[in-house]
């Protein structure tokens, strides 16, 4: 038994050439490799443009602080050539002439197929690394399977997959035993023949091993819950919100925030794409709003700057992250301690998937933890692609779906939420929305309407580069693009049905 | 501040240099027209007229000087057509005393490129005849030889990037080091390209852009040298205009590359500033996620 194992091990060792030569990989390299592989097949030739943009500095939008010297700041920005997004939207509104083009998101797209291929490939690779001998037999089966028509894997992709996996495992084991039998050993050396070989069914020390392909299985195409799309045609830009940015191709920078007469800072700088989720949440005066994963507080601040929310609850999982939000609020809001804290801004430290004040919010912003693509490929510290966090990373979609499903329960009937991530992965985006809708329906009987934002993103097409909405199922996405290097940011609006 | 000024200055110099090259390229086909056929060894009035038409500066040169210079060149083995090409490309030569021209020839001969190759080089870049300091020339050529290997390689290098003669050893060293160690490009490929006549900043910018696009992966150290690499060749990276580089080599739009150049320059600037400053100011940075 030992010898066969070591034989397999030797094979693996010879196969992986980098084993001896290369130094240790950094986390960002690991992230980049994984993205190259996965996004390369999702986005095709467009991936290289996105890749270059991700690795290069991103672009900011400035949120002018109404509690500082707002007019002075605005003037300064305009003098530097920045665009006021409010006036930009007015211009676009005139141009569009309010002629609504109705286009419901196409449900038939190539993404499903692509992801299925990714899944197959990943499984194949894992099988090969675990059972190198059986790889030959495997590929032919795999090829046959993927050549099958699309309807087949739409209907029973899940079951078929698992069965395939089990089958191939058995086959691999069988092949291994054959291999053992075929090796004759001179009886004078060994007492027992290798025909007594018992195939391993568990690898010691790897009891809770999750293969990478499990991650892709979170993306299912199978629908058994009521699904309704509705085109969002109304968009109001909040009067009090002042946002500034530069046009496409202009890479100028903003000045660092200055201290104003009121003691608050003049403006807040954040990745441009992060302003969209709070804007599309369409907060009305007197709404009770929840920011489910609020740190570091940029999106919360935007919502407060509209002055619309009656109360804003900022929730996050750790007190240290809440403290960061507190610090931001103190820096930006005048009279924060006296008039705002615990009156209009509430802090709540809780895991968003266990919050239980059901049906109490009008609007919720669900900006879930994700693989934070831009961060993962540029910063090594505390990177989600760290080998010790692999389990956490592969289970991210599960966590995201739990949070989203729970947030649907927290909504008042008729209320709406925005789900957003800063990842390009369809598994974490459309896949999670799908899973959460299914979960909310199966476990709590909640149904929701997907608000199609494809019309109102047209207001922003002059400054952002959006993913073609034919490729996406439920939401919209800002793609990183060098001349307008925002995002990535996926967002999807859901309205809880009455 | 000073550094920025320096970079601007370098860019200007570079633009001037390119303009010159551009003019030269335009002239090249015309020079062949001006040149007399090989067997016709006499300098005729029609040749001079044609040369004056191509380069009006020559109109100031009196007839006697033409003849004198022509004889000097002929004595050193150049034929009429080569002489005319040199005269059109570098009219100042005609006005020089005989001894100075001969010295320049002797200096170049001492580099041992071989007569034929030397004439090719000098007719292609007549400005090279302006050398006066023989010692400096020999020193520089022997420096180029330290990384190029052979005399022939030095000649090839000069055929592609003649301005190497005017660059300081330090700057060449920097570029060769970057090409060899970071991009892992071998000497033969460097010699075939114009890379060394480009500033290091430009080479680095183009290389990093390709790397971020995922189109350029440095060859592994232990890779089989016979195995062709999938990277774009060095001459494609350095001998192309901005537009050709962006659209044909990187397959992106020009505005994407221009945006990248701007962002990358700032990134480098920031990295330098950060290295200069103390980390203590880290907390005061205005940018947040």
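Positions of Cβ are set from backbone N, Cα and C atoms, glycine also.
According to TrEMBL, the domain 'SAM-dependent MTase RsmB/NOP-type' annotation covers A:196-497.
Sequence-distant neighbours of residue A:293 (S-adenosyl-L-methionine binding site) (same chain, 6+ residues apart, CB-CB distance under 8 A): A:315, A:316, A:317, A:352, A:366, A:367, A:368, A:369, A:403. Mapped onto three states, the DSSP output places residue A:293 (S-adenosyl-L-methionine binding site) in coil. The annotation S-adenosyl-L-methionine binding site is assigned in TrEMBL to A:293, A:294, A:295, A:296, A:297, A:298, A:299, A:316, A:351, A:367.
Under the three-state DSSP scheme, residue A:422 (active site, nucleophile) falls in the coil class. Per TrEMBL, the feature active site, nucleophile maps to A:422.
Overall, the recorded S-adenosyl-L-methionine-binding residues A:293, A:294, A:295, A:296, A:297, A:298, A:299, A:316, A:351, A:367 cover a maximum inter-Cα distance of 20 Å.
Residue A:351 (S-adenosyl-L-methionine binding site) falls within neither a helix nor a strand when secondary structure is assigned with DSSP, and so counts as coil. Proximity of residue A:295 (S-adenosyl-L-methionine binding site) to non-local residues of its own chain (separation of 6 or more, Cβ distance below 8 Å) is seen for A:316, A:318, A:321, A:322, A:324, A:325, given in sequence order. Comparing CA positions across the binding-site residues A:297, A:299, A:351, the one lying closest to residue A:422 (active site, nucleophile) turns out to be A:299.
Around residue A:422 (active site, nucleophile), taking its Cβ as the centre, 24 other Cβ atoms fall within 10 Å, counting all chains.
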